[in-house]
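Quick one: this structure, given as structure tokens, is what I'll be asking you about.
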Amino acid sequence: MNGLEDPKGRPPVGKAPPRTPKSSADQDAPWPARRVRQALIAEVFGTFLLTSVSAAALLLAHQGLLPEVTAFTLAPALVVIAMIYTLGDVSGAHINPVVTLAFALRGAFPWRLVGPYWAAQFAGSVTAALLSVTFGHLPPATERVSPVGAGLLDAGCTAVLLAVVLATAHRNAKLSSTAGLAVGLTVALGHFVSNPVSGVAMNPAKVFGPALVSGKLTEAWPHLLGPVIGVVAGLLLTRAMRGPLNESEADAAQGTGGED
């Protein structure tokens with residue numbers, strides 16, 4: 001013994017006891033009704049803002065009032081950054097159905113809340129689209145590739161986005177202050193490299209609202225299905241690079257209910 005260890009197994013003097021990881025039962029414990037309500041409101045608000053700002057930026061670009069690269073790259077990225085820092089502790093700031101699905105498949109998010117989160121996200125998108133059409137009809141997305149190619153491109157960009165989302169969540173304790181920036185820049189990069197040839201969104205909810213309101217839902221299937229396919233690749237990348245779920249990832253996925 002070095003004189004500082006305790007024969008009863010207590011931690012050495014001056015050192016905090018090691019943090020006990022949450023069990024799967026802790027991570028799946030029912031949320032209080034108030035916390036669920038706050039999280040769903042946050043997801044509606046975040047997805048509404050993402051969809052409405054993106055639509056407004058595209059309308060301005062179509063009218064020649066905003067550079068196109070700013071409209072399809074910076075506008076959604078800045079909203080994502082802002083929402084992660086604003087809503088991360090309330091709902092996890094998913095604002096994207098495939099993020100919710102990926103966290104659930106990783107075991108970081110309770111499956112019973114996946115449906116309500118999706119409903120909130122799609123509701124936010126549809127509400128934003130209904131508001132946007134009062135200012136003008138959105139220009140059609142540029143599609144210089146086949147529908148299958150568009151879907152695969154969206155799947156690839158989504159896989160990269162999810163790999164970043166899950167990696168920053170996995171290291172949430174160390175990277176929480178920069179996670180929003182990392183995810184937002186990945187969103188910007190995905191749009192920058194793909195939007196000149198396809199309307200890649202990496203977010204089915206963001207596509208669904210405008211497509212539904214404009215009556216072009218059947219044409220939007222590559223960007224509704226592509227991100228779901230991207231979930232598989234994103235999960236495989238994360239598993240290969242990071243291994244199984246840890247507590248930080250669950251904390252990032254679920255937030256804290258708005259509490260410190």
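For all residues, glycine too, the Cβ spot is worked out from N, Cα and C.
Grabbed the feature section from TrEMBL, which reads as follows:
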REGION    1-31  region 'Disordered'
TRANSMEM  40-62  transmembrane segment
TRANSMEM  74-105  transmembrane segment
TRANSMEM  117-138  transmembrane segment
TRANSMEM  150-169  transmembrane segment
TRANSMEM  181-200  transmembrane segment
TRANSMEM  220-238  transmembrane segment
Can you find at least 3 Cβ pairs under 8 Å between the transmembrane segment (40-62) and the transmembrane segment (117-138), where each pair is 6 or more residues apart in sequence?
yes
Might you confirm whether the transmembrane segment (74-105) is in contact with the transmembrane segment (181-200), defined here as three or more C-beta pairs under 8 A between residues 6 or more apart in sequence?
yes
Who are the chain neighbours of the transmembrane segment (117-138) in space, where the CB to CB distance is under 8 Å and they lie at least 6 residues beyond its ends?
39-41, 43-52, 55-56, 58-59, 62, 91, 94-97, 100, 205-210, 212-214
